[in-house]
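> Mind having a look at this structure? Questions to follow.
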Amino acid sequence: MTLTEKDSQYLWHPYTQHKTSQTPIAITKAEGALLWDENGKEYIDAIASWWVNPFGHSNKIIADAVYKQLTTLEHVLFGGFTHEPAVKVAEKLMEILPENQQKIFFSDNGSTAVEVAIKVALQYFFNKNEKRTTIIAFENAFHGDTFAAMAASGISFYTQAFQGMFIDVVRIPVPVKGQEQTSFEALESAIKNNNCAGFIFEPLVLGAAGMVMYEPEALAKLIQICKKNNVLTIADEVMTGFGKTGKTFAMDYVSEQPDMICLSKALTGGTIPMAITTFTQDIFDAFYDDDINKALFHGHTFTANPTGCAAVLASIDLLQTSVMQNNIERINEKHLEFQKKIEKHPKVITARTLGVIFAVEIKSNSEESYYGSMRTKLYNFFIDKGLVLRPVGNIVYILPPYIMTNEQLQKVYNTIEEAIEMV
Ligand SMILES: *Cc1c(COP(=O)(O)O)cnc(C)c1O
């Protein structure tokens, strides 16, 4: 039996209707921006394996750091104990995060990073004896698949089976160009009509919605409205963090600082599942009390796993090298050139770029759903050509590992142009 056949006997895949989906491709090896399947076919990983892998697959520097940590201290419980890798990660993050961020809390994935932030926002007001139980989020947001993260997410087919079982969330429009005022007014009115505890947002780019982009000034204004009303702000940088937008964090473009930040995905360079939620001192202080009930009773068995921490430290070092910073700039310039070339194409609605993120919306005769027919046609076309791209409806986006070569990038662009002609 091939790997794929054995897989279909036992395995249940994420976001997959097994009755109608194609069989998964068995990948046996990866290096740099390339993947190879069990038949030796080569693929360019143009989405960094769901946005996690900036420095290339099977990165030797991260692997060595992980091996060294595995053979020194692989894991110890974080309840009542601490260790150097966790302390070093905290020190490193303090250097690069917006300066109001003072405390860090570990968990295991983007959803748990969000779950922690939302629970902290709710308990912050509980601890202060203030009744605030509503969370504000963007329409079409994606914050993960655990319960509070789902509640905050607005993409309906992810969450429709669970409607009526969620914490209270009010949704406001994303302040894309031309919609800024509508978004500001919706936020004002959400705050006026509900007891709002927090506002969670994907800063500058909504990833799963199809790389929807909006301006830093609009986000600054939304944060100001929250601050004026004592509503806590949560920047979900799970996708945008660690260089994707061209700066270390998307919030580095924004004049206002958030109360909390969620990190995961590229945090460990795409190697080990880990996440971090960061907080201001003021938030930490609301839990700091003689009363044990005011503590944050949240934790995970593998909290602050030292091996994960070692991967974080190696990854941030890599990100800060001039080679990597130049790579980010190089890809951004190439994207902008390609955008200029393609945005006038009669079948293109619009194209956009921020940092290493590029997206193009293709004209279609029918309303394109997330996993609709155009999406399937495009996806199969790319796979056939040896490219891993996962279009969202009629939106094709690129989010390459920063080490992707110009030749590989050119192949991605050429294939996207062919695809636009094809559909
Ligand atoms: C992927 C993602 C999450 C969820 O992260 P998981 O590790 O998949 O749980 C949350 N927020 C954003 C913005 C994401 O892109």
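Heads up, the Cβ atoms here are built off N, Cα and C, so glycines get one too.
Annotations in TrEMBL come from automatic prediction, not curation.
As annotated in TrEMBL:
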type	residues	note
BINDING	Trp50, Lys265, Gly299, Arg390	substrate binding site
BINDING	Gly110, Ser111, Asp236, His300, Thr301	pyridoxal 5'-phosphate binding site
MOD_RES	Lys265	N6-(pyridoxal phosphate)lysine
> Distance between Trp50 (substrate binding site) and His300 (pyridoxal 5'-phosphate binding site) at the Cα atoms, whole Å?
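So the alpha carbons of Trp50 (substrate binding site) and His300 (pyridoxal 5'-phosphate binding site) sit roughly 23 Å from each other.
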> Counting across all protein chains present, how many other Cβ atoms fall within 10 Å of the Cβ of His300 (pyridoxal 5'-phosphate binding site)?
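Excluding its own Cβ, the number within 10 Å is 15.
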> Compute the C-alpha separation of Gly299 (substrate binding site) from Asp236 (pyridoxal 5'-phosphate binding site), stating it in Å without decimals.
19
> Just to confirm: which same-chain residues, 6+ apart in sequence, have a Cβ under 8 Å from the Cβ of Ser111 (pyridoxal 5'-phosphate binding site)?
His143, Gly144, Asp145, Thr146, Ala149
> I'd like to verify something. Among the binding-site residues Gly110, Asp236, Gly299, which ones have a C-beta closer than 6 angstroms to some atom of ligand 1?
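Passing the 6 Å Cβ check against ligand 1: Gly110, Asp236.
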> Out of Lys265, Arg390, which has the highest number of nearby Cβ atoms, where nearby means within 10 Å of its Cβ, if these are the binding-site residues?
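Result for the most crowded candidate: Lys265.
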> When you tally the Cβ atoms that lie within 10 Å of each candidate's Cβ, which of the binding-site residues (Gly110, Gly299) has the highest tally?
Gly110
> How far is it from Asp236 (pyridoxal 5'-phosphate binding site) to Lys265 (substrate binding site), counting Cα to Cα, in Å?
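Asp236 (pyridoxal 5'-phosphate binding site) to Lys265 (substrate binding site), Cα-Cα distance: 11 Å.
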> To the nearest whole angstrom, what is the C-alpha distance linking His300 (pyridoxal 5'-phosphate binding site) and Lys265 (substrate binding site)?
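Distance between the two Cα atoms comes out at 18 Å.
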> Just jot down the residues in the same chain as Thr301 (pyridoxal 5'-phosphate binding site), at least 6 apart in sequence, with C-beta under 8 A of its C-beta; none if empty.
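Looking at Cβ-Cβ distances below 8 Å from Thr301 (pyridoxal 5'-phosphate binding site), excluding near sequence neighbours, one finds Leu77.
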